[in-house]
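**Student:** Take this structure first; my questions come after.
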Amino acid sequence: MIDINSSSSSSSSNNNNSNNNNNNNNNNNSNVFEINSSIKPYFTCIVFVISLIFICSSKNIVTKHLPIGRAGSSIIGATLMVYFGIIQPKEIGSVINWDTIILLMSMMMLSNYMEQANIWGMASKILLWKCKSTSIFMVRVCLISSIMSSILTNDTVCVTLTPIVISACKSTNLTFFPFLMAIATSANIGSSALPVGNPQNMIIATAGGLNFFNFFKVSIVSSILGVCLNTILLLLYFKKDLKNLNSNFNQLIETVNPKVEEIDNNHHDDDGANNQSKNEKEMENINKEVEEEQHNNDDDDDDGFNENKNNNNNGGHAILLVASSMDSIDLSDCSIINKDKKKKENFIEIYFNSKEKSIETIVNIIKLIFKFRVAIILTLVLIGFFIGMHMGFTVLFGVSILMICERKDITDIINSVDWELLLFFSGLFVLVEGFDRQFEKEAWTILEPFVPIDSTHLNVLKIFIFSILILVLCNILGNVPLVLSLSPRLLEALAPDFTWILLAFVSTVAGNLTLVGSVANLIVAEKSKSYHEIGFLEYLKFGVPSTILVILIGVPIVVLIGK
């Protein structure tokens, strides 16, 4: 006899074995290469440190022999983390912060549309328009750099504004270094005002779930004061250089200002000519109406004169008086009717004319909206931020509207996106996550005592030490890697909003400490190397006092407003 139970059990065991084999195969596929758990921390530390050396180094012996760039270093490090089982391949989708990637990509697209709308052309005119001294020129550079950085990210502003300022300095024989420092330092401080000002702010806002308006109301005050203080320090530090106002600078201003004024005058003349033509047309219409009324009155008088003449030729005075009175009444009624008809005709004509004018006005408004579509979309995007809409997709929605309005192939827009930067951040998310999984306890154990988490009982010493640690670590590890490392721990600790905003402010301003502290600094140095090569110590002499003073003033404001 055949034992059914044994056969069923054997079949079930076979199924279990096959399932286990499938699971093992799946695990082998997901874990590309599994290394020993005891080796993982050492391997992770080596990969992370070497990757950071390549990422943070601008030009040294290592990068000269292997110039793979930041994106290459990030991707190689992330690949090693995944290939050797530190992070599973199926986890990559959850490790990468897609909100930040989408926000970065969409802001780059919007920035390209703003460049097409000649926003930077207007900025260059503002820089030199009626500029009477180099000090005023310095202040304008600081203001434009900081304001534009809060909206378009500091990296984008440094890429675009640096050639404009270099061209102005070259034409006027001004020294380059003071104004290059103004671009870099003002861009970093100004970018701290909004969550879209720089990549680390975007990461903090998306990871911490911060409300745009709450971030803005806390950071805007410290950012404005920081920009003002930094501008004053620039004017004092470069006082001797700014005094060298030469004749070439005045000559340039004299040649630039008349062109701007000529454009304004032409614009006003065109408006005046249009207004004058409109007034002449209105006067002609009024004169025609007056002539028609006089002509009608003359016709009425002629009719009355003929009637009286006919009445005098008839006999019977009483009958003639009655008849003449009756005729005069009838004729007056007819004249009233004729006038009413003409009034109705004039009313209809005026109605249709006003209707045509209203249609013309609507068309002009539509044309005006289309002309300033980029500025309108930018304003609506900022409004969307303030009311709490998703930042990345809000910008992408605005960009989509501009794509429809342009009705052009978007190849140029796609090419304007810095895909290398997006790949760099994607790899960095994976790289930092791998390091964080192996050393989260050790790193957090060192930092946790100094992290201001309790918003009800503020410890001044703890806030001070936390700010100093962030300042130093940002210039060693980089602001973005540090923010990525701290974000998961702050989420677990349920850190209040002011802790996140404090991290955003200090990590952003910390970029002004050294030349390699911020990507924006490196961009300015790279763009200006043909005219002035910024030295590390040369930058450090101004960067250290400026950064420390801005943090000393800005941190208390962030804590007091944000708590």
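All residue numbers here begin at 1 and follow the chain in the order shown.
Cβ atoms are placed via backbone N, Cα and C, with glycine included.
Quick paste of what Swiss-Prot says about this protein:
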type	residues	note
REGION	1-26	region 'Disordered'
TRANSMEM	35-55	transmembrane segment
TRANSMEM	67-87	transmembrane segment
TRANSMEM	91-111	transmembrane segment
TRANSMEM	176-196	transmembrane segment
TRANSMEM	218-238	transmembrane segment
COMPBIAS	262-271	compositional bias 'Basic and acidic residues'
REGION	262-284	region 'Disordered'
COILED	273-303	coiled coil
TRANSMEM	376-396	transmembrane segment
TRANSMEM	413-433	transmembrane segment
TRANSMEM	463-483	transmembrane segment
TRANSMEM	500-520	transmembrane segment
TRANSMEM	542-562	transmembrane segment
**Student:** Which listed range (67-87, 91-111, 176-196, 500-520) shows the maximal number of Cβ pairs under 8 Å with respect to the transmembrane segment (218-238)?
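**Tutor:** Maximum Cβ contact count belongs to 176-196.
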**Student:** Where, among 67-87, 413-433, 500-520, do we find the most CB pairs under 8 A to the transmembrane segment (542-562)?
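**Tutor:** Highest pair count goes to 500-520.
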**Student:** Taking 67-87, 91-111, 463-483 as candidates, which has the most Cβ pairs under 8 Å with the transmembrane segment (413-433)?
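**Tutor:** It is 67-87, which has the most Cβ pairs under 8 Å.
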**Student:** Can you tell me which parts of the same chain pack against the transmembrane segment (35-55), counting only residues 6+ beyond its ends and a CB-CB cutoff under 8 A?
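**Tutor:** Those are 62-63, 66, 68, 70, 72-74, 76-77, 80-81, 84-86, 424, 428, 431-432, 434-435, 437-439, 477-478, 481, in sequence order.
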**Student:** Take the transmembrane segment (376-396) and find every residue of the same chain, 6 or more past its ends, with a Cβ under 8 Å from one of its Cβ atoms.
**Tutor:** 99-100, 102-103, 105-107, 109-110, 113-114, 151, 194-196, 202, 205-206, 211-213, 216, 369, 402
**Student:** Limited to the coiled coil (273-303), I'd like the whole-number average of pLDDT.
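**Tutor:** When the pLDDT values over the coiled coil (273-303) are averaged, the result is 49.
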**Student:** Do at least three CB pairs under 8 A connect the transmembrane segment (176-196) and the transmembrane segment (500-520), leaving out pairs fewer than 6 apart in sequence?
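**Tutor:** Result for the transmembrane segment (500-520) with the transmembrane segment (176-196) is yes.
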**Student:** Mind checking which residues of the chain, 6+ beyond the ends of the transmembrane segment (176-196), have their Cβ under 8 Å from one of its Cβ atoms?
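**Tutor:** Residues packing against the transmembrane segment (176-196) from afar: 103, 107, 137-138, 141-143, 145-151, 153-154, 157-158, 161-162, 165-166, 169, 202, 204-205, 210, 212, 215-216, 219-220, 222-224, 226-227, 230-231, 234, 237-238, 241-242, 385, 391, 395, 504-505, 508-509, 511-512, 518, 520-521, 524-525, 528, 531-532, 534, 538-539, 542-543, 546, 550.
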